[in-house]
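Swiss-Prot lists Ser2 with the feature N-acetylserine, giving similarity to another entry as the kind of evidence. The repeat 'HAT 1' annotation in Swiss-Prot covers 45-77. Look at Swiss-Prot and you will find 79-110 tagged as repeat 'HAT 2'. The annotation repeat 'HAT 3' is assigned in Swiss-Prot to 117-152. What Swiss-Prot records for 163-196 is repeat 'HAT 4'. Look at Swiss-Prot and you will find 221-261 tagged as repeat 'HAT 5'. Positions annotated as repeat 'HAT 6' by Swiss-Prot: 271-303. The repeat 'HAT 7' annotation in Swiss-Prot covers 319-352. Under the heading repeat 'HAT 8', Swiss-Prot lists 354-387. The repeat 'HAT 9' annotation in Swiss-Prot covers 458-494. Annotation source Swiss-Prot lists region 'Disordered' at 683-704. According to Swiss-Prot, the phosphoserine annotation covers Ser691.
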Amino acid sequence: MSGDAAAEQAAEYVPEKVKKAEKKLEENPYDLDAWSILIREAQNQPIDKARKTYERLVAQFPSSGRFWKLYIEAEIKAKNYDKVEKLFQRCLMKVLHIDLWKCYLSYVRETKGKLPSYKEKMAQAYDFALDKIGMEIMSYQIWVDYINFLKGVEAVGSYAENQRITAVRRVYQRGCVNPMINIEQLWRDYNKYEEGINIHLAKKMIEDRSRDYMNARRVAKEYETVMKGLDRNAPSVPPQNTPQEAQQVDMWKKYIQWEKSNPLRTEDQTLITKRVMFAYEQCLLVLGHHPDIWYEAAQYLEQSSKLLAEKGDMNNAKLFSDEAANIYERAISTLLKKNMLLYFAYADYEESRMKYEKVHSIYNRLLAIEDIDPTLVYIQYMKFARRAEGIKSGRMIFKKAREDARTRHHVYVTAALMEYYCSKDKSVAFKIFELGLKKYGDIPEYVLAYIDYLSHLNEDNNTRVLFERVLTSGSLPPEKSGEIWARFLAFESNIGDLASILKVEKRRFTAFREEYEGKETALLVDRYKFMDLYPCSASELKALGYKDVSRAKLAAIIPDPVVAPSIVPVLKDEVDRKPEYPKPDTQQMIPFQPRHLAPPGLHPVPGGVFPVPPAAVVLMKLLPPPICFQGPFVQVDELMEIFRRCKIPNTVEEAVRIITGGAPELAVEGNGPVESSAVLTKAVKRPNEDSDEDEEKGAVVPPVHDIYRARQQKRIR
């Protein structure tokens, strides 16, 4: 029993690094470093134990061909072929990854070889693969493997032989016009194949295909260039907003744009669309969490569908139209289940195709997700219902929205304005606003929307009554009423007399006495400002302690990528405009206090030594320590003096003259000039040299084994 317990405990043992990885994944399910640890651990475990990890992996990254391949290879290794085929059924059609498809072909080749129908199944597998992944730039090996497979098929009789030749030729001809790496080699193999069958017929066959091949070869080079730098094995993760990610997104979009530019210069719109959609599919394997890629892919299919319909190709037009809907469906069913943007675009697309029932199902599907804010969904749903089925249908959606506890005040504003603009009945809109005020009277945004509506109707008395009700009812907390008071003051400034303006100002100051104590003048600014015009300069506003409540709030709610309006007005005075120059970071500076007689190897200024770069640190660790070098040591001063006095010749003739001590003598022998064997009678002396000084300092003696001089001596003997 103790042995069994120990074995069970050992089986349940979890390494510390795996525990840390699991903890990281709880914080961030897309942490690739943590997943790498789990993958390595799973690869060292039996498949029955590792299968759970692999399932989690492909569930988290359903578009990663690399992870699917790891899972499948683990099952193949364990000879679980029934599970392998189910895995291929789950991923093969959705993940057009070249390595995954090569794995599929290898699996069919190795496991179906003994079946009687092996040849038919293998040929079908190759045709299926080339149809789906044949446009891949790295698909050369699949084409070659298919051709070699067909060549190896046994053919008995002339009819079977002709069939085999036709099949091989068909694959060669398809491949030679398909842009990919190594297309030149495929073309050379095709030429040899045709010449081996019939050398007389080969010339015509090759000439017929030569033009298309040259076009494909040109495109293949462009294809290779545009694909360079793309990280095609990266798993799809939510946008990280890093420079590296932005660069990859830009490169993917350039590749897609290149395919849209029709580099093959074909008039076949179907072929162009297929190539562009293949580019989108490759992009979505990596950028599947980016909604813009899904939307642009669907838009392109919709445009292609309309173009083909105009040309009369109704079958392909309908095919592409349905495929556009399928793109939206895939997006909201897999990686972007909560992305409202794609739901709304999908609904609008189906609305354009007059499929209203489908639109209802799309909106209801989104509303069924519990952990979302359904307010915007109801708003768009109401607008669709009003457009497609009339105002009564819109009211039914509004009723449904009111019953949903998750809904916020925006739905009431939308419903009221829809009634006002569409049914032209301001009394119904008024009732909806009043109904919403009972529920959302403590939300200043709702109150302001109601005020805007009444101002639009130019009903001064009702507007003033609403201000008084909201500000005196106590439903709105004082800290939230700042913008309401500012709007009340603006309202009185536009239509009231001076007495009413002063009265509102006084009441406002009383409400915010603690905040504006000693800053009464700051409140005066709101009386005279208009839109972005202010009665003081920016520096004066700052000195007054003025805060623009509306603009501060606007800046807070606008997302970071959008540039929010400045809280202070744009200044017109040139005096206040100060030029912005790049300035050094003075916080990082250190005082210049050099050491006296600094030891060798130390920086003269304390703290002035910068850390060695990481690459140099690695190199320094690999090098032996300084004590290992005992010499010889170079006399740097003397070496530099030799370089300084060395005269470098500008021409070959001058170099020969310096070496030989005179001009080269040429003798014509046979068919060309041959250098004469002039004997050097004295040592070569450099110009501008003083022999006496050299003797005093010690002449530079040439090395004993000077190969160059030895060769020169052999030449002149």
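Residue numbering: from 1, along the chain as shown.
Glycine residues also receive a Cβ, built from the backbone N, Cα and C atoms like all the rest.
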Intrachain residues whose Cβ lies under 8 Å of the repeat 'HAT 1' (45-77), provided they are six or more past its termini: 29-30, 35, 38-39, 83-84, 87-88, 91, 94-100, 103, 107, 233, 235-236, 284-286, 288, 334-335
Interface check, the repeat 'HAT 2' (79-110) with the repeat 'HAT 6' (271-303), three or more C-beta pairs under 8 A: yes
Within the repeat 'HAT 1' (45-77), residues counted as helix, strand or coil by DSSP: 27 helix, 0 strand, 6 coil
Residue counts (helix, strand, coil, in that order) that DSSP gives for the repeat 'HAT 6' (271-303): 29 helix, 0 strand, 4 coil
